[in-house]
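Notes to accompany the following structure.
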Amino acid sequence: MAGAEREQEEALEQGLLAPEEPNQIVTYTGDGSVDFSGNPVVKERTGRWKACPFILGNECCERLAYYGIATNLVTYLTKKMHDGNASAASNVTTWQGTCYLTPLIGAILADAYWGRYWTIATFSTIYFIGMAILTLSASVPMLMPPPCEGSFCPPASPFQYTVFFLGLYLIALGTGGIKPCVSSFGADQFDDTDPAERIQKGSFFNWFYFSINIGALIASSFLVWVQDNVGWGLGFGIPTVFMGLAIISFFSGTSLYRFQKPGGSPITRVCQLVVASLRKWNVHVPVDSSLLYELPDGVSAIEGSRQLEHTDELRCLDKAATVTDIDVKSDGFNNPWRICTVTQVEELKILVRMFPIWATTIVFSAVYAQMSTMFVEQGMVLDPSLGSFKIPPASLSTFDTLSVLICVIIYDSVLVPIARKFTGKEKGFTELQRMGIGLVISIITMAVAAILEIKRLAIARESHLVDQNVPVPLSIFWQIPQYFLVGLSEVFTFIGALEFFYDQSPDAMRSLCSALQLLTTAFGNYLSTFILTMVAYFTTRGGNPGWIPDNLNEGHLDYFFWLLTGLSFINLVVYVICAMKYKSKKAS
């Protein structure tokens, strides 16, 4: 009787056809997904594109809320909190870096304990509270420093800074808990064991990023205008309302979602593997990998995970799965701190293999960080006039967003079918090829920004404006090419990385690997802060104004852009070497 029940359970796990009624055949998913109540899910009734609008709507509204704060934050810090240029840029990049560091918290909770659904729900609440506090800090007079009197701008008080940064960093915690889970939760709606759904999942990542940029477009155009021309209280209040709408959208699709069960703490499994390997440091690993320990019948010891095929690299880790006489005599198979399965060993191998690819995307993120910092400050000293209308410098990021929206459509509907004919690959390009193309474009981006700055400084000298902190007579619209190129590079590198870290990650570590991909953005922002700090330190010695003084007309922002161009080129060379050596995972 137990054997028959076990066969039926395995049939459901493999997605075989199971009769629900005498004249009706029902197809179940083969990736172990369940419904909200924990029962196996029927393909036709759940997941796929019918569940995605709620997830995409959530992401669109959440990103509108985030970019409604982030896009113009450097302006708020300089104009309202009275920070200097370098200090404001560092504060923004540090905060943005934290927003992409906190995903580790959400990822661990999602993979180990709560699952992606409840992790998103919990951190959305924290996010909303942070937005409300930030809105209050920009609305209540006692929470803001007094306006400037002539050239004197009184600094914010410690209490005002405390309230402001409390709201800001609650947002960082909230978005961090949500961010690694939403893209993975959306991809979970497509069955990995179904070839047709697997192709749809590749398309999902494109439209997921499209939704992000719809939110960013509204934030960088309408919301930036509201903040600069109507008021910061309303400018922060509107994103707060949209964060509430994001929560509503997410919960609305609950009955249609497919859920993956948490697989236990990935950090614990890694620690178990390291301990087991050290315990058997002197044990000889068998040449025949079939002698290594693994559960029979394709069943994985890790909840929510398929078995992984053995690979020959990093053989020292195979010691953890090597069966010894002590294991047999002491029944050590029930002790994961003594012996681990091949699948558990391969989980760590995958993480080690992905690490060089992960590391090479950090410099790209540092380039991307310039869009909300140095590009905005460059725009502040360009002519913002469009007839009688003044263009807010931060709103130029609209062209980055438009670039992404246009290029995603072209990529998904035109470029992929054409590339598929030449490469024979179902997605047109591999994820690694796609990311590499984006890195090349990022080099061109920084070179274009540097050339524009050279031209701007030349005009400042010709117009005798070097000693004046005023815009030069050069239109801000000359920044459009660099913003457009940033968007184009995003379509290749960021979306490619989203898909790469989801597809290549172990089944029970997908939130964690998505968080690791987001962590590159954090480190990119921190790298940008570090470079800015070092540039300020070394270029201001001896009483020099430095590359990035408060008056950019007497600085050399072009040198900073050329520095990032050189770093990006070196990074590309390293990336190509790592990508050529990379070996993809193989799941049973």
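In case you wondered, yes, glycine gets a Cβ from its N, Cα and C as well.
Sequence annotations record features per position, and here TrEMBL assigns transmembrane segment to 117-139, 159-178, 207-226, 232-251, 355-376, 396-416, 437-460, 480-502, 514-539, 559-578.
Non-local neighbours of the transmembrane segment (396-416) in the same chain are 71, 203, 206-207, 209-210, 213-214, 216-217, 220-221, 371-372, 375-376, 379, 427-429, 476, 479-480, 483-488, 490-491, 495; each lies 6+ residues outside the stretch with a CB under 8 Å from one of its CB atoms.
Against the transmembrane segment (514-539), stretch 355-376 shows more Cβ pairs under 8 Å than any other of 232-251, 355-376, 559-578. Take the transmembrane segment (355-376) and the stretches 117-139, 207-226, 437-460, 480-502, 559-578: counting Cβ pairs under 8 Å, 559-578 has the most. Spatially, the transmembrane segment (437-460) is not adjacent to the transmembrane segment (207-226); fewer than three Cβ-Cβ distances between them are under 8 Å for residues at least 6 apart in sequence.
For the transmembrane segment (559-578), the residues of the chain that approach it from at least six positions outside its boundaries are 356-357, 360-364, 366-367, 370, 374, 435-436, 439-440, 442-443, 446-447, 449-450, 453, 531-532, 535, 547-548, judged by C-beta separation under 8 angstroms. Tertiary neighbourhood of the transmembrane segment (207-226): same-chain residues 52, 55-57, 59-68, 71-72, 183, 186, 234-235, 238-239, 242, 392, 394-398, 400-402, 404-405, 408-409, 412, 487, 490-491, 494-495, 498, selected by CB-CB distance under 8 Å and a gap of 6+ residues from either end. Away from its own ends, the transmembrane segment (480-502) comes close to residues 183-184, 187, 202, 205-206, 208-209, 213, 354, 357-358, 361, 364, 367-368, 371, 375, 396-404, 407-408, 411, 429, 431-432, 434-435, 437-439, 441-442, 444-445, 448-449, 452, 510, 513-514, 516-517, 520 of its chain (Cβ-Cβ under 8 Å, at least six residues beyond either end). Outside the transmembrane segment (117-139) by six or more residues, the chain places 58, 62, 65, 69, 76, 80, 106, 109-110, 160, 163-164, 166-178, 181-182, 185, 232-233, 235-237, 239-240, 243-244, 246-247, 250-251, 254, 257, 259, 511 with a CB less than 8 A from a CB of the stretch.
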